[in-house]
């Protein structure tokens, strides 16, 4: 408690979160929302963004090694022209250190505004910076100007190891460091001394200046760095022990795309060796993102090849990114024979000597329904759901974490150690702002879905909380939860305590859901009933005895207890689908009449079900590792989805009905 941790220039909340160790923290930032990710009292001190006039003079005096009182009269005007920007004052100071008699000359240059930016940014006054940068670059000799121009294509916010520039300029390390030190001395570049090696980077505003100045040559500059890479590595790929390795795996495709090198980009992105090496180092999400990002270049001849590789990585990335690493050629041979991945794997397998590969002769030619397989958890995944816009997925499970990741690529956006025991359910609010979690630790928690900040904790249930569901309307935050304590509770996020408690079940309540118009809540219980409640008053409206629909050979009610697992409303709210044992039962909400029933399987129980928003399809998760899609009108099975290696706990459709996801004991989520 007696320590003060100082974090300067924080732009992302995850940085602050990484240092959240319960001591006092002083941070500087341009974005006040970065503190949303952590708890504790916050005190804000507004700081002027520019330097005070006296401070500007002091910095200039240090550059030219004079006392403030000895500075010429132009110094005051220069500091005013710099508009309080430390970066601009540093650039001018570095110039004056080399040419101490040019005070008047640099003042006029700044006032002349020679450099004209094509696109003005409203968030920053570029004029002073552009003039200072322009003057500084003009002072360089011609060779150095060319070297500095080469830096125009560096990615933003990336510290580049010396070795990358050694390859770009085909020089020894010492020569490159000498050139770069010249730029550092002139405040044109910054250096981060990371142990033995040096890493260099440009300020965002300097990079903006360079890309603006050289915008017509960027394609050639990207082409140059790719050609230098190819000359250096020939047909090899960088290995992990080399300091430049991570740079190329992260940005080689970016440079090829910037150079519009279609053939080279296709060769790289469709190489099994590159996919294997990159995925083992950084996981599959970045590569999947690149397939999407550069699709316009990759698809110029035909989109099928890119789609084959994107699908292959989406479905197998969770295997490739984990030790023990599988053989990618054997994985490729398991693809459909029409797939370009299979064709390339077969060619490589035939070329490999001394290796043993299996060719499957009974491969199914059926179209694969899977779009993505991810493995974000270290234990069973109990629940997963889509955000309303379908862009994100939240998941939770036995490892006590809440995860949020991108639907498209599986890229992780949030990982939160959320509870002290297994998390049994999670749910997005209708506007996607919040995620609710509930756990065997008896708590319900509400999280900011972007920053991971815990906003509310509810502790009114006395047993484990099995399910949490938000209402469907945006603008009003209502949450329903149900528990082994036999109660369903309604929470209004604007209030501190539970708004209503619904009392009526005689045993654990396993599941609850709002009706599409939010007027009712349905609940399913181990007591063998489904109950409908009025959301506003919390009064019980109807109760359906599900046990009555299970009879033995003598037409007597079954003695075994009927555990009602879950329910799902039709889109118009007229029907409700109920799951118990191995049966799907569809009821009319008004009359409580049974409309139809389906016995799904004699060998496994149904774990979960969900109505597709189109009302005809129902997805059913089964204990024997599979998922089935049924047409509830014709009572026919339309798809059988295998792939999970253990119990499937959950199946959920996206709000538009185009995708569904499943989560399983095997630690994976499949989309």
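Glycine is treated like the rest: Cβ placed from N, Cα and C.
Whatever TrEMBL says is automated annotation, not expert-curated.
Here's what TrEMBL has on this protein:
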DOMAIN    2-67  domain 'NB-ARC'
DOMAIN    144-210  domain 'Apoptotic protease-activating factor 1 winged-helix'
DOMAIN    218-352  domain 'APAF-1 helical'
REPEAT    374-415  repeat 'WD'
REPEAT    416-457  repeat 'WD'
REPEAT    458-501  repeat 'WD'
REPEAT    502-543  repeat 'WD'
REPEAT    641-671  repeat 'WD'
Seminar exercise, completed: DSSP puts the residues of the repeat 'WD' (502-543) at 0 helix, 23 strand, 19 coil
For this session: Six or more residues out from either end of the repeat 'WD' (374-415), which same-chain residues have a Cβ under 8 Å from its Cβ atoms?
Result: 284-286, 288-289, 292, 314, 317-318, 321-322, 421-428, 430-432, 435, 437, 439, 447, 449, 452, 474, 646-647, 649-650, 652-656, 658-659, 661-669, 671
Problem set entry | Reported mean pLDDT - the repeat 'WD' (458-501) | 93
Seminar exercise, completed: DSSP puts the residues of the domain 'APAF-1 helical' (218-352) at 98 helix, 0 strand, 37 coil
